[in-house]
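Worksheet: the structure to be examined is printed underneath.
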Amino acid sequence: MLLPLLRVSRSGALRHVSLLRTFAVRPAALIPVVPKLPKRWSNVKPIALTFTRLASNTPEQPDAHGKKDSSTYLFGRQISTSQVKMLRSLLATIWPKDNRAFKVRVVVALLLLIGSKLLNVQVPFFFKSIIDEMNIEWAEQLGTIGTVMGTLILAYGGARFGAVLFGELRNAVFASVSQLAIKRVANNTFRHLLDMDLQFHLLRQTGGLTRAIDRGTKGISYVLSAMVFHIIPITFEISVVCGILTYNYGLQFAAVTLLTMAAYSVFTIRTTAWRTGFRRQANNADNQAASVALDSLINYESVKYFNNEAFQCSKYNESLTKYEQASIKVATSLAFLNAGQNLIFTLALTAMMYMGCQGVSTGALSVGDLVLINQLVFQLLVPLNFLGSVYRELKQSLLDMENLFQLQNYDVVIKQAPNAPLLALSPIKPGEIRFENVTFGYHPDRPILRNVSFTIPAGERVAIVGPSGLGKSTILKLVFRFYDVTSGRILIDGQDISKVNLESLRRAIGVVPQETPLFNDTILENIRYGRLTASNSEIYSAIEKVQLDKLIKELPEAGPHDFRGEKQRLAIARVLLKQSSVMFFDEATSALDTHTEQALLRTLRNVFRENRSTNVLIAHRLRTIADSDKIIVLNKGAVQEEGTHQSLLHTPGSLYGELWNIQENLDLEAELKAGEDQQPEEVPEKAK
């Protein structure tokens with residue numbers, strides 16, 4: 001069978017591209033960019049929901065009650081309340097109420113973390129004991145000392161290995177916690193995006209949304225890793241070390257340690273934030289230099305035609321000079337950072353050594369105590385060395401997470417009423433659609449439909465026609481509840497669609513769009529998308545009804561130029577498989593040539609004869625809907641007339657009749673021109 005083997009290319013996928021709004025993806029955030037519009041579009045107001053970039057210098061904004069947004073601090077950086085809520089939401093994700101096994105993993109990871117740090121702090125104590133045991137007369141107590149020394153050395157090695165082992169076990173256990181949290185947030189965001197209204201997606205580049213999810217999930221991963229592997233461990237270890245120093249040697253040692261950690265952290269964070277500007281300048285200059293070089297090489301001929309080699313070289317050199325200056329600042333600021341960190345730590349060690357030596361000289365401390373104090377402080381240096389990079393990445397990750405959580409916080413415009421009942425279709429003849437005084441506009445100041453009322457009888461074939469851009473396709477979007485009406489109401493089988501279950505409403509409506517969206521999968525699976533539980537026999541039956549089986553066999557030889565008609569047949573088969581009570585055909589044949597259109601219309605007529613559904617055809621070409629049971633003509637936001645094809649043609653001053661005559665004349669001219677083009681050229685007589 002050919003069906004499972006044939007695949008549909010990604011070029012068939014439906015992509016919404018907004019002409020009024022684009023997004024530039026920047027390292028810090030998704031920053032909205034509004035392109036300059038031509039003068040003829042000067043009255044068009046772009047509508048967009050923007051990604052808000054929150055920074056530490058963002059002024060506080062009053063909320064709905066007039067109160068200013070409070071803030072807190074994290075590592076010296078002001079974090080807005082929205083970010084605090086974001087972190088709380090993240091913590092709720094890693095501590096879910098409905099997953100006990102997940103909580104057990106978190107607790108085990110924290111216990112392993114505590115165990116690792118306690119063993120890590122214990123290592124200097126064994127080292128101290130070994131040194132102190134070395135300061136006695138070996139000859140007098142050789143046997144006893146040997147036993148004690150051996151025990152201490154084994155304990156020293158065991159504690160060091162145990163600290164490493166517990167740390168690695170913590171990493172292994174927390175990996176599942178982190179990944180499950182990321183999966184939960186990503187799934188929630190993806191589901192929320194699918195629930196968003198059509199306007200939201202039309203005004204965004206799909207790549208920007210997927211990029212926000214990707215960067216946000218990576219940000220979550222880094223924040224969790226930073227918390228578990230850096231922030232919590234170093235905070236806990238500093239607390240333990242200060243407690244040990246206070247208990248064993250006095251408050252002065254703990255005070256020096258605490259002040260050192262505070263000074264080291266503040267200096268590192270502030271200097272890193274200062275250096276970030278130089279790194280950004282270097283990156284911008286590097287990008288600019290690459291852009292100038294690429295532009296010059298692509299436009300090589302233009303450069304030569306106008307003898308502008310020197311000009312291009314000067315532009316390139318200017319960018320390289322900026323990069324050079326910024327890179328020097330990066331290197332010198334790094335040297336300043338390293339020197340400052342070492343100065344702070346050296347001063348602390350010097351002070352600790354001075355106090356320790358004083359204690360040894362007075363007999364209050366042993367040599368082992370001096371070594372213990374130095375080792376405890378030295379152990380804090382290693383994780384603190386990563387503080388600058390951790391802070392920088394953490395700040396970036398918080399921004400990325402902010403974009404992700406803001407996507408989750410966007411309000412869903414099309415909402416379902418609480419405890420909304422399922423759409424109850426008539427068992428005898430389902431699918432009557434009634435518009436009652438409906439007014440709607442994509443922009444409040446420019447309504448497209450004004451007080452529109454009409455009825456589409458159940459089980460009939462009804463066409464909606466009219467001049468372009470006056471609300472024909474809007475009818476479909478309103479019935480499907482992509483948008484809600486401004487006033488009035490829409491009823492299906494006597495039920496207001498805004499008060500019924502949204503999923504049941506959309507399950508009752510099938511749509512064949514003008515451009516058929518296809519997934520990168522087999523034709524069989526693309527048709528099965530209409531009803532995922534359908535069997536293969538049901539799919540083959542739908543394929544035969546739309547006469548797609550013969551065309552599939554010829555598809556490899558037919559080539560891509562004939563595939564558009566097959567795509568529309570595939571879309572019809574998919575809708576038939578959905579078994580909807582209402583079917584919309586939105587300009588389903590408008591993009592086809594005349595021959596393909598006529599073949600597809602024959603297929604559609606067969607489908608209409610066999611199904612009991614209400615079939616609504618939205619059309620521009622009037623020939624395609626002339627045999628409809630009823631034709632509704634829209635003009636200037638209102639129903640101007642309705643009736644059958646013949647009754648409308650014979651109505652004096654009918655807009656439908658006017659449109660019909662215009663299209664018939666255009667079609668006649670096209671046929672005559674096509675006939676002239678197909679006439680054989682005269683063959684000149686053979687020269688004598």
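Backbone N, Cα and C atoms are what each Cβ position is placed from, and that goes for glycine too.
Note that the structure is predicted; figures quoted are calculated from it, not measured.
Here TrEMBL flags 107-396 as domain 'ABC transmembrane type-1'.
Residues or ranges marked as domain 'ABC transporter' in TrEMBL: 433-661. Confidence in the domain 'ABC transporter' (433-661), given as mean pLDDT, stands at 84.
Sequence-remote contacts of a segment are chain residues at least 6 beyond its ends whose Cβ falls under 8 Å from one of its Cβ atoms, and for the transmembrane segment (106-127) they are 94-95, 152, 155-156, 159-160, 162-164, 166-167, 169-170, 173-174, 177, 228, 232-233, 236-237, 240-241, 244, 368, 371-372, 375-376, 379. Residues or ranges marked as transmembrane segment in TrEMBL: 106-127 (among others).
The transmembrane segment annotation in TrEMBL covers 147-166 (among others).
Residues or ranges marked as transmembrane segment in TrEMBL: 220-247 (among others). Residues 90, 94, 109, 113-114, 116-118, 120-121, 170-171, 174, 177-178, 181-182, 185, 253-254, 257-258, 261, 373, 376-377, 379-380, 383-384, 386-387, 390, 393-394, 397-398, 401, 404 of the same chain, all 6+ positions outside the transmembrane segment (220-247), place their C-beta atoms under 8 angstroms from a C-beta of that stretch.
The annotation transmembrane segment is assigned in TrEMBL to 253-273 (among others).
Feature annotation from TrEMBL assigns transmembrane segment to 343-365 (among others).
Note on the transmembrane segment (147-166): residues 112-113, 115-117, 119-120, 122-123, 126-127, 129-130, 133-134 of its chain, located 6 or more positions outside it, place their CB under 8 angstroms from a CB of the stretch.
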